[in-house]
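Chemist: Have a look at the structure that comes next, please.
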Amino acid sequence: MTGGGGGAAPKQDDLTPHPVKDQLPGVAYCITSPPPWPEAILLGFQHYLVMLGTTVIIPTALVPQMGGNNEDKAVVIQTLLFVAGINTLLQSFFGTRLPAVIGGSYTFVLPTISIILAGRYANEPNPHTKFLRIMRGTQGALIVASALQIIVGFSGLWRNVARYLSPLSAAPLVALVGFGLYELGFPSVAKCVEIGLPELILLVIFAMYLPHTVHMLKSIFDRFAVLFTIPIVWLYAYLLTVGGAYRNAPPKTQFHCRTDRSGLIGGAPWIRVPYPFQWGAPTFDAGEAFAMMAASFVALVESTGAFIAVSRYASATPIPPSILSRGIGWQGIGILLDGLFGTGNGSSVSVENAGLLALTRVGSRRVVQISAGFMIFFSILGKFGAVFASIPAPIFAALYCIFFAYAGSAGLGFLQFCNLNSFRTKFILGFSVFMGFSVPQYFNEYTSVAGYGPVHTHSRWFNDMINVLFSSKAFVAGFVAYLLDNTIHRHESSVRKDRGYHWWDKFRSYRTDTRSEEFYSLPFNLNKFFPSV
C-alpha cells in the first residue's frame, strides 16, 4: 500500500480487531505456576491485608448493635478471620481450586440486622447476654441457610443452571459483582478524605506510573503496590493522630480517621483459638432461617460471578459448570462453619482479592493458600492480628476503588465474545445493567427513608427474603440477563453466535478441553472418587 505524506493509508493488520482470547494473556504466574517462595509469601501477606478490610468492617458495624463490647468485637473478628482461612484452604484444595479468597460477605448483613431487631431480643436488659442470644440466633440461621448451597452445589443443580450461561449473560453478572459495590468505594474514602485520598493516589502512582518510569524495579512496584502504600499512609495517619489533628474533631471523624479508635488492640486476647459453639448452643427460628437462605442464594449468585472473574485473572480457561457447582458446595460448607464457630456473618468469594489478582498479575493458587495461613496465624495471635486490623477503614476503601473496578472490568471483558452490533445484544446488555443498578437503588432508598423495605407485609421473613434478593445489584443484573438471554429467540443460529455461546462450547463439560484437567483437577488423585462431568 502506498500513501502520500501524513495521510498514509493504514496497513491491513491495523484494521483487524483484537483477537479473542480464551485465557487472559499477560498474567505473570497462572494458577499452577507459583512465584519463588519469598515473593509468594509477600504476595500472600498482601492478600491477607486486603481481605482484612471486609473482615473488620462487618463486625465493627454489627457487634455494637448486638450489644457487644470491644472484647466481643475483637473475638468476632478473630473468628471470622480464622474461618476465612479454613474456607480459603478448602476452596483452593477441594472446591473450584481457583485462587479465590473466601471471606466475610456484605450480602448477609441485611438478614443479620433483621435478627438484631427481632422482637424477642428487645427486652433483654443485659447487653452482653443480648449479644450472646443474638449471636446464637444468627448461628442457627446460618447453619440452616448453608444447606441451600451445599445441596444446590453438590447435587449438581447449579451445574445445570451454569450450563446455560453465555458470555453475554455472564458479562452483566460479573461486571456488577465489582461495580455494584461502588457504595463501599469513594463514599467510604471521603469519611476521612485526608487519609483515603492519599492512599488512592499513591496506589495508582505505584501500580500504574512508577513501573514505566523506573524500569529496573518494574515488577516490584506494581506487584507490591499495596505493601508499599499502606505503611506510608498508615504512618501518616498515625502522625496526624499523635499530633492532635483530631483532638477537637466530632466523634464520627475521630472514629474513621484516628489510628487508635478501633478498640481492637486493647480488646484482643494475646492467644486464643476460636472453637465451635464458643458463644453457646445455636438457636433456630424458621423465619430468620428463610431470610438467611435468601441471602445465601444471593451470595451463591454473586460468588458465581466472582469465581468467573477469578478464573479470568488467574489466566485459567472458563470454569466448567461442574467445577463451579463443586465450588458452591464447598462454599456452603464454609457457611456451615461460619454458623458453627459463630462469625455473625456468612461467606462468599472476596471481590477485592479478585481485583488484587489483576493488579499483581499473579494468579497463583499457592499465594492464596499462603494468605490463608496468615489468616489462621494472625487470628490465633490476637494482639498481633489486631495491630493490622486497626488500619483506618478509609485506607481499605481506597483499595476497593481499584480492586472492585478491576473485578467489574473482568465482566466487561466477556463482551469480546459477543456481537456488539446486534440489537438483541445491546438490549440484553443495556437493560440488565441498568436494572441491576436501578432496582436495588429503589429498595435501598426506600429502606433508608422508611426504615423498612418496599415489601412490607405482616410476615417479616417474607419481607426480608424479597428485600435481600432485590437489594443485590449483581443478583438483579445477572437474573435479568440470564432470563432474557435464554428466552429471546435463542434457537436461531445467528443468535447463538451473537451471544458468544459457541466460544464456551468446549468448556461446558470438564472433559472436552484438556486444559481443564490442568487447572481444576482435584489433588491426591481424588478425581477417581469424585469425577467431574
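Including glycine, each Cβ sits where the backbone N, Cα and C put it.
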Chemist: Of the residue ranges 140-158, 292-310, which one carries the transmembrane segment annotation in TrEMBL?
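Modeler: Within the set 140-158, 292-310, TrEMBL attaches transmembrane segment to 140-158.
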Chemist: Which is it, of 100-119, 160-179, that TrEMBL names as transmembrane segment?
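Modeler: Within the set 100-119, 160-179, TrEMBL attaches transmembrane segment to 100-119.
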Chemist: Report, as numbers and ranges, which residues of the same chain sit near the transmembrane segment (100-119): CB under 8 Å and 6 or more residues beyond its ends.
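Modeler: Contacts with the transmembrane segment (100-119): 47, 51, 54-55, 58, 61-62, 65-66, 80, 84, 87-88, 90-92, 134, 137-138, 141-142, 181, 184, 285, 288, 291-292, 294-296, 298-299, 302, 306-307, 310, 327, 331, 334, 343-350, 353-354, 368, 371-372, 460, 464, 467-468, 471-472.
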Chemist: When only pairs 6 or more apart in sequence are counted, do the transmembrane segment (75-94) and the transmembrane segment (427-444) reach 3 or more Cβ pairs under 8 Å?
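Modeler: Per Cβ check, the transmembrane segment (75-94) does not touch the transmembrane segment (427-444).
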Chemist: Does the transmembrane segment (395-415) make contact with the transmembrane segment (45-63) through 3 or more Cβ pairs under 8 Å, each pair 6 or more apart in sequence?
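Modeler: The transmembrane segment (45-63) and the transmembrane segment (395-415): touching, yes.
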Chemist: Hey, which bits of the same chain come close to the transmembrane segment (140-158), Cβ under 8 Å, at least six residues off its ends?
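Modeler: Contacts of the transmembrane segment (140-158) (Cβ under 8 Å, skipping residues fewer than 6 from its ends): 108, 111, 115, 282-285, 288-289, 291-293, 295-297, 299-300, 304, 321-322, 324-336, 338-340, 346, 533.
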Chemist: Same chain, outside the transmembrane segment (224-246) by at least 6, Cβ under 8 Å from its Cβ: which residues?
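Modeler: Residues 42-43, 45-46, 49-50, 194-195, 198-199, 202-203, 206-207, 253-254, 257-260, 356, 359-360, 391-392, 395, 399.
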Chemist: Are there residues at least 6 beyond the ends of the transmembrane segment (427-444) whose Cβ is under 8 Å from a Cβ of it, and what are they?
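Modeler: Here the qualifying positions are 168-169, 171-172, 175-176, 180, 415, 418, 453-454, 467, 470-474, 476-478, 480-481, 484-485, 488, 499.
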